[in-house]
Amino acid sequence: MAKEPVRVLVTGAAGQIGYALVPMIARGVMLGADQPVILHMLDIPPAAEALNGVKMELVDAAFPLLKGIVASTDAAEACKGVNVAVMVGGFPRKEGMERKDVMAKNVSIYKSQASALEQHAAPNCKVLVVANPANTNALILKEFAPSIPEKNISCLTRLDHNRALGQISERLSVQVSDVKNVIIWGNHSSSQYPDVNHATVKTPSGDKSVRELVADDAWLNGEFISTVQQRGAAIIKARKLSSALSAASSACDHIRDWVLGTPEGTWVSMGVYSDGSYNVPAGIIYSFPVTCKDGEWKIVQGLPIDDASRQKMDATAAELVEEKALAYSCLA
């Protein structure tokens with residue numbers, strides 16, 4: 001029996017991440033090759049013409065799974081009945097802007113989009129915030145959409161997680177699909193902590209630890225971490241544009257694993273509302289290792305944390321606590 005279509009919202013849909021993301025969703029990359037979708041695309045009025053161009057291309061691509069398209073500059077219309085919301089739209093930091101100015105712009109955007117989701121989205125809507133500062137934008141959205149369960153609001157750190165997998169795969173010349181269980185702790189910023197202490201690689205003689213196989217702690221504790229932390233900046237330098245293809249692909253990975261589940265014995269990184277696990281302050285959106293089953297995520301518990309990791313985990317948490325205070329001051 002054919003499945004009912006799932007309504008997926010993409011905000012900032014005429015932007016470059018949106019342009020990379022919507023065909024992936026329409027092709028079944030996000031929700032599965034047997035799951036029909038109706039795409040809801042939202043952008044700001046100055047982008048209305050470009051948004052219509054994206055809609056035309058989606059029609060022209062004749063995706064079998066795409067059962068309808070809503071393209072709008074009205075948040076209420078775009079949010080109506082959506083089951084999944086991918087929040088890509090935000091205000092990017094421009095040269096000469098203070099952090100507080102960027103925060104104030106994004107607080108007002110996420111406050112109004114939260115209200116639209118609160119009033120018009122489907123009751124169990126799953127929300128993924130991609131736009132930076134992603135963790136804090138997600139927190140603002142949670143504050144202003146109180147009827148959406150906090151467990152349904154997340155932010156994207158899967159891009160960082162995938163970047164870490166890619167670096168290990170390149171270093172060891174192994175398939176990226178054979179590397180698993182890296183962790184991104186904390187903020188989707190350069191304070192994040194990419195942790196390989198529990199990561200493994202599948203080898204002919206069974207799973208081996210990444211540390212054992214790399215056999216170079218100086219690289220793992222230094223260049224590896226900084227490469228993952230600074231990868232976004234390196235891509236901007238190379239392309240003169242920010243990561244779009246990889247961000248879109250990671251957003252699909254995040255939602256797919258959340259909805260369809262993670263493989264047995266594998267965890268992924270998601271920015272979720274902290275409950276105090278691993279002594280991370282409660283009340284911030286922080287990236288943890290999670291497993292997913294039946295549409296629910298669960299933080300992986302009981303992993304041993306060494307002193308060096310603890311320091312890095314605390315530093316990124318402190319940045320998020322500070323960002324939260326800054327965001328709330330913008331609301332005052």
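Including glycine, each Cβ sits where the backbone N, Cα and C put it.
Noted in TrEMBL for the protein shown:
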- HIS188: active site, proton acceptor (ACT_SITE)
- GLY12, ALA13, ALA14, GLY15, GLN16, ILE17, GLY18, ASP43, ASN106, VAL130, ALA131, ASN132: NAD(+) binding site (BINDING)
- ARG93, ARG99, ASN132, ARG163: substrate binding site (BINDING)
- 6-153: domain 'Lactate/malate dehydrogenase N-terminal' (DOMAIN)
- 157-325: domain 'Lactate/malate dehydrogenase C-terminal' (DOMAIN)
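Where TrEMBL records a feature, it is marked here on the structure.
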| residue | record | Cβ contacts under 8 Å, 6 or more apart |
| --- | --- | --- |
| GLY12 | NAD(+) binding site | GLY18, LEU42, ASP43, MET87, VAL88, GLY89, GLY90, ALA131 |
| ALA14 | NAD(+) binding site | MET41, ASP43, ALA47, ALA50, LEU51, GLY53, VAL54 |
| GLN16 | NAD(+) binding site | LEU241, SER242, ALA244 |
| ARG93 | substrate binding site | ARG99, VAL102, ASN132 |
| ASN106 | NAD(+) binding site | GLY90, PHE91, ALA131, ASN132, PRO133, THR136, ASN137, ILE140 |
| ARG163 | substrate binding site | PRO194, VAL228, ARG231, SER246 |
| HIS188 | active site, proton acceptor | ASN132, PRO133, ALA134, ASN135, CYS155, LEU156, THR157, LEU159, ASP160, GLY271, SER287 |
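Of the listed binding-site residues GLY18, ALA131, ASN132, the Cβ environment within 10 Å is emptiest of other Cβ atoms at ASN132.
Other C-beta atoms found within 10 angstroms of the C-beta of ARG99 (substrate binding site) number 12, with every protein chain shown included.
The full span of the recorded NAD(+) binding residues, GLY12, ALA13, ALA14, GLY15, GLN16, ILE17, GLY18, ASP43, ASN106, VAL130, ALA131, ASN132, taken as their largest Cα to Cα distance, is 18 Å. Over the domain 'Lactate/malate dehydrogenase C-terminal' (157-325) the predicted model carries a mean pLDDT of 97.
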